[in-house]
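Asker: One structure coming up, written as structure tokens, with questions to follow.
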Amino acid sequence: MAVFPSSGLPRCLLTLILLQLPKLDSAPFDVIGPPEPILAVVGEDAELPCRLSPNASAEHLELRWFRKKVSPAVLVHRDGREQEAEQMPEYRGRATLVQDGIAKGRVALRIRGVRVSDDGEYTCFFREDGSYEEALVHLKVAALGSDPHISMQVQENGEICLECTSVGWYPEPQVQWRTSKGEKFPSTSESRNPDEEGLFTVAASVIIRDTSAKNVSCYIQNLLLGQEKKVEISIPASSLPRLTPWIVAVAVILMVLGLLTIGSIFFTWRLYNERPRERRNEFSSKERLLEELKWKKATLHAVDVTLDPDTAHPHLFLYEDSKSVRLEDSRQKLPEKTERFDSWPCVLGRETFTSGRHYWEVEVGDRTDWAIGVCRENVMKKGFDPMTPENGFWAVELYGNGYWALTPLRTPLPLAGPPRRVGIFLDYESGDISFYNMNDGSDIYTFSNVTFSGPLRPFFCLWSSGKKPLTICPIADGPERVTVIANAQDLSKEIPLSPMGEDSAPRDADTLHSKLIPTQPSQGAP
């Protein structure tokens, strides 16, 4: 069994994905990591050790270090060498294997020039034939920032404002103010903002009202490293000005003039802003009209898609209607087939597309962790090839709390809200694959100008188990009735997108009518 030296999140998903062989027997060894997290300083090197128990040579084993996903990995060592093609781009040239003790089962992952993004959990994974074991190793990253600096500003009311600043801290530091007698007092305001590298810039302000205060110190502490930096400032008595009547009079006059100026600017803004707002609303309305037209034209090419059980991963359970699928912890005993996925928990649709336009919808509901789209019929189904267009996958996914297009560097998708149903439109000749949020018909993402070679098939993948299935929506009975605008670029005239044959009474513009209807999956899975 695997040894987990420190507590962590459930790793059910990673364990399921790693079951890529028909039968994984219990390994004749354990994998043991360090009992405590490894502490590393930004810019320095870190080593994450793990070992086999009992001691045995690991030269003939596959060794894989990975983070949240098995592939791409931080480092893969197989057949006596490192597999750079399977390595995450951010670790290329930085992550190497320390194998001085590999003959005794002792190895370590060395990360050069540690970054803030390296902080977190790593999995040390050993595999021999059909057996594997793993252990978790936690890396904690820290950085001691610059020497703090205090700036002083004397306000008109006689109070003194001090601001203490410093850069380059990780994790977020603590700020503490002290008097010359060691008395502590809190900040009036604090801010901690990360830069592009994840290092925090801290700024803390305090108001000094006690004129007896002579010296004030600012301490910035990194609790993880147990270190702090300090700066002290002396407050001269001459810094406390006296308020005279003429200063008060000037302040009142300036305040009145400021209020009059603000009122004048606001009135002018209100006067000239009404017309541009109307134009923006008109442009936004036409933009929504174009999106609705694009989606409705796509539904004219709706096809009936069903799931192909011969391609389904053994942990995927298909419903009787071949329209719904869910991921389970248990593994089915299925016949070995070349077309079956044995590593990624995926399944293909039965339908094959070699030309034309095709549209279908998938009910994702409120389940998390999925990927859907289109792939080549001959994609690699054995092993952990990355799901990218270069490998024949064109898909979008929900993973963790984010939506992504599965491009080589994974493109984040800033959606207005989580889609409960996703429409997929394939235009083979144009080389376009579009995804729509069927909550409102808006675009999610489009792969454009792709040169397809060979048959394409619908593609579905689940990253986490649960009772809620992924469901393909069936085609509604009867002919589809959608009005198509002859010239979609000419929106100078308001052309309603109402169903043909109905009256032209106004309808709720936010209500979308699809050629596909939702389905309730069967109560039981096969």
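Every residue gets a Cβ built from N, Cα and C, even glycine.
Found this in Swiss-Prot, in case it helps:
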type: SIGNAL; residues: 1-26; note: signal peptide
type: DOMAIN; residues: 27-138; note: domain 'Ig-like V-type 1'
type: DISULFID; residues: Cys50-Cys124; note: disulfide bond
type: DISULFID; residues: Cys164-Cys218; note: disulfide bond
type: TOPO_DOM; residues: 270-526; note: topological domain 'Cytoplasmic'
type: REGION; residues: 495-526; note: region 'Disordered'
type: COMPBIAS; residues: 504-513; note: compositional bias 'Basic and acidic residues'
type: COMPBIAS; residues: 517-526; note: compositional bias 'Polar residues'
Asker: Please report how many Å separate the Cα atom of Cys50 (disulfide bond) from that of Cys164 (disulfide bond), as a whole number.
Answerer: 43
Asker: Roughly how many Å lie between the Cα atoms of Cys218 (disulfide bond) and Cys124 (disulfide bond), rounded to a whole value?
Answerer: 42
Asker: Can you tell me the mean pLDDT for the topological domain 'Cytoplasmic' (270-526)?
Answerer: 80
Asker: As a quick check of your reading of DSSP, tell me how many residues in the domain 'Ig-like V-type 1' (27-138) are helical, how many are strand and how many are coil.
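Answerer: Its residues fall into 12 helix, 58 strand, 42 coil.
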Asker: Give the number of CB atoms, excluding that of Cys50 (disulfide bond) itself, located within 10 Å of its CB.
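Answerer: Around Cys50 (disulfide bond), other Cβ atoms within 10 Å: 27.
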Asker: Cα-Cα separation of Cys164 (disulfide bond) and Cys124 (disulfide bond), in Å?
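Answerer: Roughly 42 Å, rounded to the nearest whole number.
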Asker: Note down the number of other Cβ atoms within 10 Å of the Cβ of Cys124 (disulfide bond), including every protein chain shown.
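Answerer: Taking all protein chains shown, Cys124 (disulfide bond) has 25 Cβ neighbours within 10 Å.
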